[in-house]
Amino acid sequence: MTCAACAGSVEKAVKRLPGIREAVVDVLNNRVQVMFYTSFVNEETIRETIEDVGFQATFMTDEANEKSTQVCQIRINGMTCTSCSTTVESALQALQGVQKAQVALATEEAQVHYDPKIINYNQLLEAIEDTGFEAILISTGEDMSKIQLKVDGVCTDHSMRLIENSLRALPGVQDLDIDPTLNKFSLSYKSNVTGPRNFINVIESTGSRCYKATIFPEGGRDIHKKEEVKQYYRSFLWSLVFTIPVFLTSMVFMYIPGLKHGLDTKVVNMLSIGEILRWVLSTPVQFVIGRRFYTGSYKALRHGSANMDVLIALGTNAAYFYSVYSVLRAATSEDFKSTDFFETSSMLISFILLGKYLEVLAKGKTSDAIAKLMDLAPETAILLALDSEGNVINEEEIDSRLIQKNDVIKILPGAKVASDGFVIWGQSHVNESMITGEARPVAKRKGDTVIGGTVNENGVLHIKATRVGSESALSQIVQLVESAQMAKAPVQKLADHISKYFVPLVIILSFSTWLAWFLAGKFNGYPKSWIPTSMDGFQLALQFGISVMVIACPCALGLATPTAVMVGTGVGASQGVLIKGGQALESAHKVDCIVFDKTGTLTVGKPVVVNTRLLKNMVLQEFYELIAAAEVNSEHPLAKAVVEYAKKFREDGESPTWPEARDFVSITGHGVKAIVRNKEIIVGNKSLMLDENIAIPADAEDMLAETEVMAQTGILISIDGELTGVLAISDPLKPGARDVISILKSMKVKSIMVTGDNWGTANSIAKEVGIETVIAGAKPEQKAEEVKNLQASGHTVAMVGDGINDSPALVAANVGMAIGAGTDIAIEAADIVLMKSNLEDVITAIDLSRKTFSRIRLNYIWALGYNLLGIPIAAGALFPSTGFRLPPWIAGAAMAASSVSVVCCSLLLKYYKRPEKLNALEMQGVMVENRF
């Protein structure tokens, strides 16, 4: 591979294969990393596909696999515009061992995929700091839990070593870092072996038992944002202290006779008191308060790039140093009357600081969704101690962050569930709307799972914790939303491309403006009456040049996309629609064709056996025992329905022990085979029986036809090569499915159903919901192929599914939408996860993406339009005809306002409301459910 075009052709070819989850091409290191599902494609097929494109492909000799990739999150302080984020991103991408690096300006964070065998996270931090920005590690992505403890009472190095040795001796402790200045111990550990309470017990029992351990106060994103807001606010207030007197002496007091006389009093030659005052007052603003702009400019220029700080530094320096020159010349001349621009530099810096303060304040609100999710976790939990018989012997209130795996937690009515787990005692209803978006409380009893952060409504529950810390559902949702907000939308490339040339172009335009006006004045290109009485031609030209430099705003362009994506994904999460990044949002707004799976997507996904017909003399209990023994190993909803029905014939009820099944084979999209009690059992559809050369009698054919007419699924059972029985399984439609398809039609989105079920059943269901195009009897790879055919015909395709057999099509589609109640593989393969498992959320996802992208377009129109209109006005385009000129300090205020306006425009998305038709549909569904 020689260029990006080569990498693009390889990536495109590999991604078109069925079962490809992700393909990342590294053109610099001549390699491609592919994550795929082995049941659909193998390594050799991938290699042959790459060679078909025209490149030589060989497998890497080292043990490179999924585990050799870690994801590191880093906070970056000091970035101001797209140019800054691009500089950092380029520096990270250039490091050997870095597979992918994303830097988000809106969140001020980087997400780096790297190979820990080649590079470590400390080298990543050094690379960022070499570009001139502060880097703080958030997480390393290692498969470990982490906690930070503060230990009071440690006063000597010996005490520190004693505690360190005690902690390192604990099984499960992976790593330990100590910050002696803060008495902070940072531990990495395996959560299934040990936990934070064990660490605290060990610390407090070490030595003379004089140590006290607590969880170290977190210094997360919120604290950093608040500190940044405070810094800008303080800087702005201090700048006002100096700028207001400068403004008054130059713009107001000059029109008050008594004060004017005092300020015009000469000190040395033509140097006046007013000029000295303005010089003294503007200097701290320029060099102390405005120091951040010099620092930012130096860091950017050192790495061959230019950012907003460069424009501000050049503009304010031009005004300040020309003023210094003018004042010094007045002090050494008896006839030179100086005109200074000290108010321009100080007011410019003040307005820019005000703009940055408002921008940071508004940007903080774009991540409210994450803050709200994190606030769902309760602060405390009631830990139960049980005896050997399961009786409660002690209760203790603890910090919820100290919960460990297998702890038993008591949940009182009205309290939040402290951890993911399952109920071991009690029954209640739990409100899960804050996690899943499902409004109705869910009944919970012994054996049911609960999610941390949800609210227990009316009964007392005892739960056993199964997933804690970063493994919890709440943490994973937060991580997913954070990753989504990190990922760039393809439309962001426009801003990135413009930012490379924006600042250099503005500097050239600014210099050209000054030169054009200066030469025009020098050679009498305009009447002398155009020049204000307090200026000469050079000063007028200088003001125009400075105005051009400071009015141009690269920040607004850089914030146009990421702020809208952040708010859009946050709003989606609050509505139960998890959108995995800008790419998914951008693709979803273009969708004009949706492919629906049937079982579990259009239907409820909880099929039940409604009819059984035996074709041979056989005891029904034995018949179902043989089928259940084979089907219990399958994840398919139909298999689960058969096993559930078979339980009715067993005395051991809910937890029966089925006969052993040997040589189990699952034929995806067809059925299963196994040997049970030395009999060959085949359970599946008609095509599986024909493939196995099993004859299908006429009465079986008749029953299959009957089931199809009634929109049921017919399952055939063969024992030792003979067809023994036929099962009819019914899966009711989801409420509102027909209305959803109708609303999609009104949105000009075509609906298609692709299912592995037979034609008759599929067609009946399709007619019931209003879908005209049906593809039945499709295997997983055929579903993916159908998606690709639709894409080839010009459609932007979304696939909605819930099962393992849908994952190739979910990957192949432009947008994969997984039903939240579906399998982990389907959810992993999808771009959007519908947490409530409601079809209505398909419409919400598309509508939200359309609203978000209309907001992004509006942001771009404003950001580009502002610069395209503002720069000519600042350059004096209106001056010849109207006499209007834009003073530099007003130009700077306009520049600051443009960034704030873009962020505020994105924030309006927080008031997004679903289409009215959906609200009416949901109310109708609730009424129907209540009636039943």
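Using N, Cα and C of the backbone, Cβ positions are placed for all residues, glycine too.
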Annotated range (TrEMBL: transmembrane segment) out of 276-294, 371-389, 409-427, 694-712: 276-294
Average model confidence [pLDDT] within the domain 'HMA' (70-136): 85
Contact between the transmembrane segment (345-362) and the transmembrane segment (235-256) (3 or more Cβ pairs under 8 Å, separation 6+): yes
Three-state composition of the domain 'HMA' (145-211), taking helix and strand from DSSP: 21 helix, 21 strand, 25 coil
Beyond the flanks of the transmembrane segment (235-256) by at least 6 residues, Cβ under 8 Å: 263, 274, 277-278, 281-282, 284-285, 289, 292, 340, 342-343, 346-347, 349-350, 353-354, 357
Composition by DSSP (helix, strand, coil) of residues within the domain 'HMA' (1-58): 23 helix, 13 strand, 22 coil
DSSP residue counts for the domain 'HMA' (70-136), split into helix, strand and coil: 22 helix, 24 strand, 21 coil
